[in-house]
Each structure stands twice: as structure tokens, then as C-alpha cells.
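**Q** So that we are looking at the same thing, I have put the structure below in C-alpha cells.
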Amino acid sequence: MIALEKRPEPSRLWRAATPLVAVALTMLAGGAMFAALGADPVAAIRVIFWDPLFDPSFAAYARPQLLVKAGPLILIAVGLAIGFRSGVWNIGAEGQYIMGAICGAAAALAFYPAETRAIFPLAVLAGAAGGLAWAMIPALLKVRFGTNEILVSLMLVYVAESVLASVSSGLLQNPDGMGFPGSRNLAQWDAVANRELVAGTGMHWGVGAAFVAVIAAYILMSRHILGFQLRLSGAAPRAARFAGVTPGRVALTCFAISGALAGMAGFFEVAGPAGQISIDFGSFYGFTAIIVAFLGRLHPVGILLAGLLMALTYIGGELAQLTLGLPAAAIQLFQGMLLFFLLATDVLVNYRLRPRRREAA
Amino acid sequence: MDLATIQPAILIASLMVSSTPILLAALGEMVVERAGVLNLGVEGMMITGAVSGFAVAINSGSPALGFLGAAAAGAALSLAFAVLTQFLLSNHVATGLALTLAGLGLSALVGKPYEGMKAPTLPKLDLGPLAEIPFLGRVLFSHDVMVYASLALVAAVWAVLRFTRAGLILRAVGESAEAAHALGYDVVRVRVLAILFGGALAGLGGAYISLVRVPQWTEGMTAGAGWIALAIVVFASWRAGWVLVGAYLFGGVTVLQLNLQAAGAAVPVALLSAAPYLVTILVLVIISARGLQGAPAALGRSFHASG
């Protein structure tokens, strides 16, 4: 038998190594799953992790997509991770993302068909405000009434989806759309289109914002007193209270940051890759970002790498659907497995495996 | 709008049917939480149960086997959670979320070939003359066996937790794992068994959606029922009887909003379809404002016996 023995302090080596081990284990287990589905496991893993970047016939399309997909994931995950490290569980980023997209698009469409680029920053702010406002609901309820923020933020995802369905065939419906549900196409309207900053790279404004968020979050969490207070309340809530950090303020701060970032991500998506508000705008990014946050060790730089890796599984997954006929759900399960293996191997950070000694009689 | 189309007897009867999945899942989760474990993977286990139950029922032609398969699948998925949280000491919240995400993916994958099929459904239990009683017969005595089984389970869980030694041990583990350990009880074993029980019940609840309530398989069909079940446990202050009240209350809201939609009420459809979630939030606020009572003291804390 093997027993766990607590390490005197967490292992730095394993902290960095467990994500890699988890990825390797996921490839093994995922390969077994692909084999069970009748695909060649080695080919499937190669199509998912290698071909999007290096296969000449796909790379031209797939490489820019890497940033397009990673942008929103990183932007949302950076915000969520700040909360997770502070013991604040915002699970409803998907809802904040949807509300951000709706508010940003609504603010922009109020000026239609103006042609000034000044609308774009305004709409980005409106998107951030929309996500922030939606995130304030669970935060304020928690602070005022002690309501569980996990359940409330999650319930609000379903409410946001109802709102999305309503506005895409109501308030925001394209008046020239011949009755089809869905808003005007924002990506084709020069004033608010979220264009590529560098042509052909997939690097749009949202990806830029994600990079800025990574740097800002790093400075906040490692170099700023507020970041220290947040981490303190996550690691030792009682000690934090004695040090004068109020739990309510921590919850509000974390929800404000993560909500605003998720909302912003929503607007960048609707003004760019998605193009319009429609019933199927919700993309599960808000949930996948939770995996990204943990895979990145709740650290901004880790999240940057994890976001790129997760984006790769999205693109590789699409490619595997096309070339190998693997179902889309297999990729979703693959991503879920990754989080599982990561949590399973995490034990090595704080504990050491020892063969169990025979108990003295 | 024509409110006359809404008949109270049918409304209450369909309330019981639509509440049963949440009732089963919430009851299981209540037992898990009483053992000090917070499993946020209810949604994932429910949807896995829904798809497994549906697939087994179609392939075997027997809804009873379907329910058994669903319970087994829910328990199997919860075993992953048990291994991670009890042996590898992972964070309960994160692991529960992982379970939900993986369950959603797994169910979509398994369920693809079954979309659009029709499963054999549970027959109504023939209770003879009882079903002929006006009003009461329609409300109480015209259901399938799972509705009665879920009610019996509520009574059984209540009795076991309150009157038996096993229930006492389970509660001790949930209130103070250290104390239970010091008394010589195997904390990890008790918790693993509780988690498996919760998984099996969540699986049954999911199968009730896909085999009786809808009855069909569509991707993501549990639509947050697992999360509502978690909220109901909080609402119920971790007591079996109140889980029943909570589940029927939420079932009632769901049925009523569907009926209002059908009757063409002058309320926006978006507001009606969001109603169950909004009511959940509202109830959570009211319950929390009063101060949380009855939460197991060791809820969500990992236990590792050192030395």
C-alpha cells in the first residue's frame, strides 16, 4: 500500500510539472477513448495537437484561429483565477460573457449607422459594464445576505441565456433581416468591427486586451498590496479578517474584475468572430475558462499558456471532426478529462507518496 | 389568455412528475453533504444517468433496467469524484465542477446515436379503485412507480439519519471528521459510500427526465436541474422532509410557467422560462438572510488522517 505524507511546504517542482503530467495522462486516456470510437489514437492525438500548427494544408487557417480562440479564454480565465485564489467562486462567467456581448452590441447599435470609430471603445466599455453589472448580482447578494455565490452566479447563466434568446428575436433583431432572428452583423460594420491588429495572425483587439489583462493581473497579484490581501483572504480567511481585509470587499472586487473581463470578452467576440447576437451565441467559453484557470495554476502567465493549449484542443478537435469524423462531444470530454487529471496529480504538490510501513503490533 | 385551460388536479399531478428528478438528486446530495462532502457534480451525474438510462432502456427494452443502469452510471461517475476528493485530497469545489464538465461531454458523446429515438416508458402503476377517486385519484394515485419510490426514499433517508446507528455515524463524520476518526470510524469509507449513494440517486433523477418526463434524449436536457437540486439542499437546511417540500415547490414553479406559456399569458416567454432559476435565487436569498442553519460543520473540508 502507498500512503500520503504531507510535505513541509508545497513542492515548487511539482507545481510546475503537474500540468504537464496531466496533459500527458489526458493524451493517454483520450487516445484510449479515440480508439474506442474507432479512430487511430496516434493519428487523433497528432491531428489535435500537431496538425493545426504544422501541417502545411491546415496551418494557414488554423494558426490565426489559435489566438482567436485563446483570446476570450485567457481574458475570462485571468479574471476567474483572481477570484479562485481569493476563495471567491464565480462560476457564472458564461452568463457575464453573454450579458457583456448583449450590452456592448446594444450600445453600438444605438448609433447605427454612424461611421465614427469612437463607437468601438464606447461599446467595449458597455460590454465590460454589462458583465460587471451581471456579476454584481451574486456578489451583492453574497455580501448583503450571505447567499452562496456559486449557485447564484450559475443560475444567472440560465437567466442570461433566456435574455439572449429574447433580445435576438426582439430588441436587437435586425430590422432588415427579413424576420430572421439575430442582430445586425457588427463585424461587417466598420465603426465597431473588432478587426485584426496584425493581418493574418488572428490577433484582434480582444486578444490584445487578453495580453494586457495577463500583465495587469500579474502586477496586481504579485506586486500590489490589494493582490496580497486577496491572496491572504483565500489562503487564510481568519488571518485576513484580523489584518483588516473585509470579506465583502474581497468578494465585490473579485466579481467586479472577473465580470468586467468576461463581459469585455463577450463584446469582442460578438463584434468579431461571432459577428452578431443570435440564440446560439453562447459558446461555453465561460465554462472552459474554469479549466483554463486551473490548468494555468491560477497564475496569469500559466493561464496564458493554458489558454493557448486549450485553444489548440478546440481547433484540433474541429480538425479531427473533419478528417477523422470524431464527434464534437469527444473533444468536450477530452477537455473535462484534462481538468480531472490535473486535480488528481495535484496531490503531489502538497503530499509525498511513501510505501506504507508495517504497523508495529 | 385562457386560465380555464389550467386544471388544478392535472397541475398537481404533473408537478409531482416534474419534481421527481430534482427530488431524487437533491435527496442524494443531502446525504453526501451530511457526510461533510460538497459534490458540485450533480448536474454531470444527472445527465450521465439520463443518457445511460435512456441507452440501456432502448437496448434492453426495459425501463426498469434503464433506471438500474442510470443508477450504476451515476455511481460510477461519482466514484471518480470520491477517489479524487477522498484519496487524492483534491478541492471539492473544483472537482465537482470537473465532474459536471466531464459528464456533459460524456453524455453528449454517448447520446449522439440515440437522438430522436423513443424509449419504452414506465407504465402507470395500476392502483385499481384508488385511481377512480375524484381529484385525489388523479393527483395521488395515477403515477408511475418511480414517483412512489422517490417518496419512499425520502422517508427512508429521514428514518436512517434520525434513528439508526449508521445515520449517526454519517452525521458524526459530517460534523467533525477528526472526532469520528478518533472514535475509530473510517471517515474515508463512510464518505465514499455517501458519495456513491448520491451519485446513484442523481443518476436515477436524470433517467427520470429522459425516460418519463420528456421522454427522449436531447443534449444538455437536464438544463440546470442538478444545480437547482444543490440549491434545494441549502433551502432544506439539510433535512429530508424539507428537501421534499423544496423539490415540489420548484417543480410547481416549472409546471406553472409551462402552463402559463401554453395558455398564452401576457408575460414575456423569456421571463417565464427564466422563472425557475429566478425563484431559486430568490429562495436562496430568503433562506440565507435568515442565517444558514443546519449546515454540517465539516462541509467541504478534506480529511487526511496523518500518522
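Yeah, the Cβs are placed from backbone N, Cα and C, and that goes for glycine too.
Annotation source TrEMBL lists transmembrane segment at A:68-88, A:95-112, A:118-141, A:150-172, A:202-221, A:242-268, A:274-294, A:301-317, A:329-349.
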**Q** The transmembrane segment (A:95-112) and the transmembrane segment (A:202-221): do they have three or more Cβ pairs under 8 Å, with pairs 6 or more apart in sequence?
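**A** Since fewer than 3 Cβ pairs under 8 Å link them, the transmembrane segment (A:202-221) and the transmembrane segment (A:95-112) do not come into contact.
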**Q** May I ask for the residues of the chain that lie six or more residues beyond the transmembrane segment (A:118-141) and have a Cβ under 8 Å from a Cβ within it?
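**A** Residues 90, 92, 95-97, 99-108, 111, 147, 149, 152-153, 156, 160, 191-192, 194, 205, 209, 251-252, 254-256, 258-268, 271.
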**Q** Report, as numbers and ranges, every residue of the chain located at least six residues beyond the transmembrane segment (A:95-112) whose Cβ falls under 8 Å of a Cβ in that stretch; write 'none' if there are none.
**A** 72, 76, 119-120, 122-124, 126-135, 153, 156-161, 163-164, 167, 171-172, 183-184, 186, 189, 191-192, 258-259, 262-267, 269-271, 274, 276-277, 281-283, 285-286
**Q** Let me spell it out: take the transmembrane segment (A:68-88), skip the flanking residues so only those 6+ beyond its ends count, and list any with a Cβ under 8 Å from a Cβ in it.
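**A** Long-range Cβ neighbours of the transmembrane segment (A:68-88): 97, 149, 202, 204, 206-207, 209-211, 213-214, 217, 220-221, 230-231, 233-234, 237, 250-251, 253-255, 257-262, 264-266, 268-269, 272-273, 283, 285-286, 288-290, 292-294, 296, 298-300, 303-304, 306-308, 310-311, 314-315.
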**Q** Name the range, of those listed as A:150-172, A:242-268, A:301-317, A:329-349, that has the largest tally of Cβ pairs under 8 Å with the transmembrane segment (A:274-294).
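**A** By the under-8 Å Cβ criterion, the transmembrane segment (A:274-294) pairs most with A:150-172.
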**Q** Can you name the far-off residues of the same chain, 6+ from the ends of the transmembrane segment (A:329-349), with a Cβ under 8 Å from a Cβ of it?
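**A** Hits for the transmembrane segment (A:329-349): 4, 10-11, 14-15, 18-19, 21-23, 25-26, 29-30, 33-34, 37, 48, 284, 288, 290-291, 294-295, 310, 313-314, 316-317, 320-321.
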